[in-house]
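As structure tokens, the structure follows; a few thoughts come after it.
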Amino acid sequence: MAMKNNIDSNVVTTERKSPDGGWGWVIVFSSFMIHFIMDGITYSMGDIYLHPMMEVLGRNRGTVSFIFGMLPAITLGSGLFATVLINRHGCRKMTIIGSCLAAMGFLASSFFANIWFYYFAIGIVAGFGFGLIYLAAIASINFYFDKKISRALGIAVCGSGLGTMAFPWIMPYIINYPMWFDVHGGLLNESAIIFMCVVFGMLMIPLPKEPSEIRRVENKAKTAAKRQAKKPIKNANIMVDTNEQHSQLLTNQESSIPSTEISELHLGHSKKQRQQPSTDYVSVRDSKQNNLANGYDKVHNHQTIVPDSADDESFKMTTKDLELLENDDATGEDHEKIIITNDKAIGQVTASNEEKTTNSSKQSFIHELSNEIDIKLLKDHAFVLFIISNFLTSLGFNIPYNFANDLAIDAKVGEHRRHWIIMSIGFGNCIGRIIIGVLGDFKRINRLNLYNIVLILAGIATMTAPLCGSIVYSHMAYAFVFGFFSGGYVGLTTVIVKDLVGENKVLPALGIIYSFQGLATAIGTPIVGTMRDYPLNPLQPYLWPYIIFGSSIILSGIILFAIPKLKRRQESNKKKPQDSNEYES
């Protein structure tokens, strides 16, 4: 048996079960810290940098806030690319690469203050890096846990809320005090903090069940087998046997094997080789076949290899040539011509296979990316409605995060208490993900209705924000309510998608949803900033922006009550053709 088959058998028999503990808890810790850093920075950008960047860049809110919209937009929109890259290279490598990309984006922005450069460095480069980190942090837990997956994910994603509490509290002291740093120093510090995710990525030891590990073992087997396959082909070009040597080998009295057995044996091997991979060699076990194989290999000076992609004509030529070899009247020149012709044919087939492999490897990324986009999902009306709902939600989802501090300034809340507001969002986010996630596991509770109610209440909390006045505790109350229900919304989204499209289509469905969420985030945040720059109500500049986008969140929850009706209609439409066929029969 060849090396490739040995390695393939190892792949098949590898343990595929999730550890459900052990080193998996280290993975949970790594994912927790990644969420703490990544979401803490993302959700606190507007609270920390809006006014300082407006002063440094000399731009208005609409222009500057587009930076804070692009960062989560690219993070979400890069989900499809991140999925393919993680399947190809693994969570560990992609976390390290993503951490370096995001750190480089923030590092570059700390040296060059330009709005367009910020769009590129923070929005695109750091956003794509965060996209790789985010998906890898979630996927790694899914590989390590099965029965305890809910508990593990619940612990990991709590880092998001705690990070949202920590960064708005720490970073203003770094930026606002001359003895520390300014805006550029803050970005430089955050760059160093992001780079720490490289350490957490190195802790993500890959399991044999991961697609990247399976791919790596298969590629290693193919490379080793291909290297061995090239050696006999090269030796085939160095054959200088004379006519007398061919005749002696074919008519050797010591072997006393009829010439017909040569043909039968070779044809038998050829049929077997059609079913084996191209790198498998002919193996002859009994002594009689060994004697024959030794004599035949001396004629060819290499072992016979028939690639999988060899066409029927190549096999016909080989059979015909062997019949000529059986003929006692054949001369040594005929033997040499046959050997040289077959060697050239094998070389041509091998070269063709190498060319096809090269072309397929170049197209494989695009092919895998296209496979991640399941267009057939868009024919499901219930799923399309769910996409529309998520688009409407994402229009207003990041607004309380990015503009809570600016709203408190307009309301004349005390300067040293303003960061309490976004910290309240982070605290409510932690609690909401846990409690609402547990409620969603109860069989008596309709998860879809729970999801819809969560969205409606989050929208109402958003609309009440401009009415809180100058009392910081009223701002903290709306912030906690929004954080609680928005955290529940994030936790239930994957579960609802699984209920709608089935377990096998969760990943492509989430990829499509994240793309629309990213688009909506990029649209909503700068629009709110622009509306604040040109307010419809100068006394309460944020009143209409919060009402409009809070209403979009409420609407996103209301329209989902139509999903059960759409599902029933789809099922009835599927039954009609069956009923008509039964009637006709």
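Glycine is no exception: its Cβ is also placed from the backbone N, Cα and C atoms.
Taken from TrEMBL as is:
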{"type": "DOMAIN", "residues": "382-585", "note": "domain 'Major facilitator superfamily (MFS) profile'"}
{"type": "TRANSMEM", "residues": "21-46", "note": "transmembrane segment"}
{"type": "TRANSMEM", "residues": "66-87", "note": "transmembrane segment"}
{"type": "TRANSMEM", "residues": "94-112", "note": "transmembrane segment"}
{"type": "TRANSMEM", "residues": "118-145", "note": "transmembrane segment"}
{"type": "TRANSMEM", "residues": "152-175", "note": "transmembrane segment"}
{"type": "TRANSMEM", "residues": "187-207", "note": "transmembrane segment"}
{"type": "TRANSMEM", "residues": "382-400", "note": "transmembrane segment"}
{"type": "TRANSMEM", "residues": "420-439", "note": "transmembrane segment"}
{"type": "TRANSMEM", "residues": "451-472", "note": "transmembrane segment"}
{"type": "TRANSMEM", "residues": "478-497", "note": "transmembrane segment"}
{"type": "TRANSMEM", "residues": "509-531", "note": "transmembrane segment"}
{"type": "TRANSMEM", "residues": "543-563", "note": "transmembrane segment"}
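Only sequence-distant pairs (6 or more apart) were considered; of these, fewer than three Cβ pairs between the transmembrane segment (21-46) and the transmembrane segment (543-563) are under 8 A, so the stretches are not in contact.
Looking at the domain 'Major facilitator superfamily (MFS) profile' (382-585) alone, the prediction's average pLDDT is 89. Below 8 angstroms of C-beta separation, residues 24-25, 28, 31-41, 43-44, 47-49, 52, 137-138, 141, 144-145, 181-183, 185-186, 189-190, 401, 405, 419, 422-423, 425-431, 433-434, 437, 483, 487, 490-491 of the same chain, each at least six residues beyond the ends of the transmembrane segment (152-175), sit close to that stretch.
By the Cβ criterion (distance under 8 Å, sequence gap of 6 or more), the transmembrane segment (94-112) is not counted as touching the transmembrane segment (478-497), fewer than 3 such pairs being found. For the transmembrane segment (420-439), same-chain residues at least 6 beyond its ends with a Cβ under 8 Å from one of its own Cβ atoms are 40, 43-44, 47, 150, 154, 157-158, 160-166, 168-169, 400-401, 404-405, 408, 413, 445, 450, 454, 472, 475-477, 479-488, 490-492. Here the transmembrane segment (509-531) has Cβ contacts under 8 Å with residues 46, 60-66, 68-70, 72-80, 83, 372-374, 377-378, 383, 386-387, 390-399, 402-403, 493-494, 497, 500-501, 542, 544-545, 549 of the same chain, all six or more residues outside its ends.
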